Structure formats: C-alpha cells, structure tokens
Ligand code: NDP
C-alpha cells in the first residue's frame, strides 16, 4: 500500500531497463523462466513432500516418534513396507465428516461473518483492507476477519470441552492419520483447481504467469490472487484458515490427550501451547499486515501454498505437541524459564522488526525508530503497465542490524518450541531445521526479487546493511 500511495501518478512510461539493470518491468514477482535446479527441487518436493509428512506422522504412530527405527526395521527385514502401510489407519467416514465440517465452518466464518473485532478492540486493524500493489498494478481488497474466526472457533472449542461435551477434546489426535488423508485430498484438489482456473477463468489475467513448464506452474502457481466471487480469496483463506486456526486447536487436542493418558499436562506441553499460541494470535492480530508479506504479495497460488497450507503446516508445525503425547517431558524450572525467555525474546525481536518496517512504510518514513528519525535509501521500480513507483528501504533500527532480523527472531522462537522436547529424539527438531532452510532460502529468494525490482538501489541498500541474519556473521 505504501508503495502504491507513493505512486507519482503522472510519471508513466514503458521501458525495458530500469535502475541500471537489464530487467523487464514484469520480472518482479514469481520467475518467468525455470532453471534446472528449481525444476529438480520442485519435482523432488512434489514426489517426496507428502511422503515426508506421512513418514513423520507414521513414526510417531508406530515407532514412538523414532525416525531411525522404521529404517532399521526395513533394512533388517523385520518389517516390510507393506507391514507399515497395513498398520496405517485408513480414511474413515468419521474423519471425512469432521474435516468437511471443519473446512465448511471456516469458509462460513471467512465469507459470511464480516469483522466486528475492529469495532471494539483498540489498535486492531480488521474489516475491509487493501493489499499491496500487484505486478499488474492491481490493488485487491480483503475482508480481514481472521482474529474473529479464531476467537469464535476457540470459544466453541472450550464451550464444548467444558460444557456441551458433544465431542472429545482429543478428537484431533484420535483421528490424526485419517484426517491426514482428508487434508491431502483438499490440498491436491485446491491446487489442481487453481491450475485449471489459471488457464481457463483467471481472476486477473494480467497477474498470471505461465512458464510453459507444467510442474513449475503446478507447484508455484499461475494466478497471483485467485478468487471466487468478490471476497473468497484463495491465498488469504488457505494461508490463515484452515491451517493456522487449526494449529492452536491441534495443540490443545495434544494437551487433552496427555491429560487423558497420564492424568496431567506437562510444563513442556504448556510451553508449546503458550509459545505457539502467541505466534498464532500474533498472526491473526496482524492479518492486515500479512497482506504485505511475501506469501500474500509476491507468491502465486499453486501447490506450494495450497497443499502446503492444508497438509505441511498443520502436520509438521505441530510435531512438538505430538511428540510430547508420546514422550511427556517435565522440564526442570530453570530449563522451562530459559526456554520461555528464549521464545519470548525471539517473539519480541520478530514482532518489533516487523513493526518497525510496517510503521516506516505506513508513515512513509515520517516516524521515530528507537527515538530517532529513521534513515533510508530512496528507490524506484516499475509495474507491468510501465507505471513508475517510488519506495524506501529503511537502514535504521533492527533493519540497520541485518536485512532480515525478523527471520532471526522467528528462528529463536522456533528453537524454543523444539527445546521443550528435550534431546532424546531428532523428530521435534524438524521444525527448527526446516525453518532455518526455509528462511535462509527466503532471504536469497527475496533478495533476488528485490534486486530485480529495485536494481542498483538494492545494491546501495546491501552495501549499507551488509548482513542478512546475524550481524557480523551471515
Ligand atoms: P519481510 O516481512 O521481511 O518482507 C520482505 C519485504 O520487505 C521485501 O521483499 C521488501 O518488499 C521489503 N523490505 C525489505 N527490506 C526492507 C527495508 N529495509 N525497509 C523497508 N522494506 C523492506 O518478509 P516475509 O514476508 O518473508 O516475512 C514476514 C514475516 O513472516 C517474517 O517475520 C517471517 O519470519 C515470517 N514468516 C514465517 C513463516 C512461517 O512459516 N512460520 C514463513 C514465512 C515468513 P518491498 O517490495 O515492499 O520493498
């Protein structure tokens, strides 16, 4: 929006070079050409990501969360693949019913219940909000009501757990693998639908990208902002709900299972619920701000987001809680406090860094960062129709320490979740390993995009702020 506001209306001219680099105006956003490494990674992920999720969940179900034991069993001939598969719960009508109701309920909350939270929560930005300007120069409107959906869902969850008893609070854990099949069906269905829609009835044809490579287009998406009707936005819906609303419910279900199995909920489980709960609530409190993050304002909607939000996120981001059902860890007070502090400091850095950029962009630099007027680098870029826009890259506050200090805070928080599980197994550490790869790759991806977008202005910025994640090191 800030960039949009900065549009100097009269300055419209088409050109194929900008900012001293030979970049086409339409290069920022997802790639147009596919290099062999990207293609190989994509085919690998399409083939193996569903298997990775299955392997992790099956390891907990059949091997007490050991990632090594299934391999040893297979190599020594103790078990055959078919034995493992035969012991895996299948899709059930019950799970299909639960999942359908769950997704339908979230659709209703998203589409039919306009936000009222912004009317009484001071500082909360909800209701109809504008997204960032797209490469085609479009500014979409979104109904921001995720916090409301989260609150309603959780109030109903607790009302059921403590008053109505219509279903057990362990329902998610008890149906975890059958629900995995349902999530996969939805993930593949929505990605396939998005691909077909991109070809035959796109919401905005100018914001579609076709590389000509089927696998790349399926994975990374064709349409930038696919929608059904005026308000059902695929990216906003699948990014936030059903995956992120479910995240805290899944953790609550794990806590309920611990209570059922062991008669108590361990402090490690409480820590996971609290720290991840803060992260999820932060997401919904700042949903309008997320419209300006890479997922919403740069990525196209394909399998990466569609399947990823339905399957990868709810199943792999919640591994710590799942692990703690099988291995209830009671931390000593010092360790629990240390982990809590790490999680809270990480969260503080994550939020403050994001807040500084948001404030800076919203006020067009007319604000104070750490008590001083922020320093910045002026830059310009061009949209698909040749309109020239101006923007600013801040070099003050956390953005002067490193170019992605928000990721550093995120990684500290992620490490805290994993540490709650102790050191007996590698499985709960998947999250920090994955987040380190994801966010490091994102640094590279984002910087490549920013360079395409801002050209030599971006180079001036990287000279002023030379480190990516850890000042003085990387
Ligand atoms: P950022 O919020 O860091 O946004 C990057 C964009 O900000 C750039 O593309 C550029 O966009 C702009 N920008 C870059 N440097 C500056 C600067 N110095 N001053 C002003 N603007 C700048 O990245 P993400 O969208 O990836 O992440 C948002 C948050 O979400 C992060 O905190 C991240 O940790 C978190 N996250 C969490 C994930 C999870 O799975 N848990 C996954 C991904 C992200 P522009 O074109 O506008 O200039």
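Cβ atoms here come from the backbone N, Cα and C positions, even for glycine.
Keep in mind that what you see is a predicted model, and the values were worked out from it rather than measured.
Looking at the stretches 240-260, 261-281, 366-386, 387-407, the one that TrEMBL records under the feature transmembrane segment is 261-281. Annotated by TrEMBL as transmembrane segment, the relevant range among 301-319, 453-471 is 301-319. Given the ranges 121-139, 178-196, 197-215, the record in TrEMBL names 178-196 as transmembrane segment. Outside the transmembrane segment (36-57), and at least 6 residues removed from its termini, the chain residues within Cβ reach (under 8 Å) are 67, 70, 88, 176-177, 180, 184, 213, 215-216, 218-220, 303, 307, 311-312, 315-316, 319, 322, 427, 430.
If you look at the transmembrane segment (414-439) against the transmembrane segment (301-319), you find at least three C-beta pairs under 8 angstroms, all six or more positions apart, and that counts as contact. The highest tally of CB pairs under 8 A with the transmembrane segment (331-350), across 178-196, 261-281, 301-319, is held by 261-281.
When Cβ-Cβ distances below 8 Å are used as the criterion, the transmembrane segment (178-196) is approached by residues 50, 53-54, 57, 89-92, 94-96, 98-100, 103, 172, 217-218, 221-223, 226, 234, 238, 301-303, 306-311, 314-315 of the same chain, each at least six residues removed from its ends.
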